[in-house]
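Heads up: the structure comes next, in structure tokens.
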Amino acid sequence: MISPVSSIPRSAHRSRPEATPYLDLTRAEWSALREKTPLPLNAEEVEKLRGLGDVIDLDEVRDIYLPLSRLLNLYVGATDGLRGALNTFLGEQGSQSGTPFVIGVAGSVAVGKSTVARLLQALLSRWPEHPRVELVTTDGFLLPTKELEARGLMSRKGFPESYDRRALTRFVADIKAGKDEVTAPVYSHLIYDIVPGQKLTVRRPDILIVEGLNVLQPALPGKDGRTRVGLADYFDFSVYVDARPEDIERWYLNRFRKLRATAFQNPSSYFRRYTQVSEDEALDYARTTWRTINKVNLLENVAPTRGRAALVVRKGPDHKVQRLSLRKL
């Protein structure tokens, strides 16, 4: 008797799709998943949320970010259901009150992750089930410039070692624990440093979005060799914004040009000196910064965390999302 497996031609074996923990979706397939979810933003609101150099319009919001807000709304509801199941199990032994649903948004410098985070904040806050949505960037947990200089880390700014990772993890852990009020330092891109004496206060949001380069980094082992809890261990969902390095470099340089003509003109700007040299000289600096710092960080630290995300959003050369990969449950 011929076995069912041996009777299949070898070519048929080769044609089987490779097993993957992700469900890959085209832009059209993803867009169809929004169903009848209404778009709560208008063109003016989208323009205000758009980052410098980022190309985004109502069609992009409708096709990509509206379905994502619907998915996240379902995840929040499912998490509430799990909490109810746990409370049923615990009975009189104790019960859990609701704690914030935490979303991580990761990706390279200039890839558009800040715009993604702001759009998610705006869209998710329009759902009646979770109107209080807070957004925190990891910039506030960069070490102050004086400390970076003392440690010889100014050329490594943005690398994992340039952050107070323990304080960042503790901040999110406190929010996840349900503390009434948690504070974070404030970072200024104008002065390129932590703002002395300023704090951002987060008060029991329904959803917390944490955006930054290294939010998906695994925890470093302690001096005793024990594995620690990492920031991403507190995430209920995570998004990685992906693109080819050569496209990100082009976006980075375009953004630098626009900043040189706008924000860098401010007398208080840390980068004002690049408005006082020729454009070619300024762009040479930007290219060097990209190739020796930002690209190195992307390839060594940021991109390797892509596989830890629940959703990978892949952009094409025009900043438009082309494909998405959603982790299977």
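Just so you know, the numbers here start at 1 and follow the chain as drawn.
Cβ atoms are placed via backbone N, Cα and C, with glycine included.
Remember, it's a predicted structure, so these values are computed and weren't measured experimentally.
Counting only same-chain residues six or more apart in sequence, the Cβ atoms lying under 8 angstroms from the Cβ of Ser108 (ATP binding site) belong to Leu213, Val241, Ala243, Pro245, Ile248, Asn294, Leu298, Val302, Ala303. Residues or ranges marked as ATP binding site by Swiss-Prot: Gly107, Ser108, Val109, Ala110, Val111, Gly112, Lys113, Ser114.
The DSSP secondary structure for Gly107 (ATP binding site) is strand.
Taking the centroid of the Cβ atoms of Gly107, Ser108, Val109, Ala110, Val111, Gly112, Lys113, Ser114 as the ATP site, the other same-chain residues with Cβ within 8 Å of it are Val241, Ile248. Neighbour counts of Cβ atoms within 10 Å were compared for the binding-site residues Gly107, Gly112, and the top value is held by Gly107. In the three-state DSSP scheme, Lys113 (ATP binding site) falls into the helix class.
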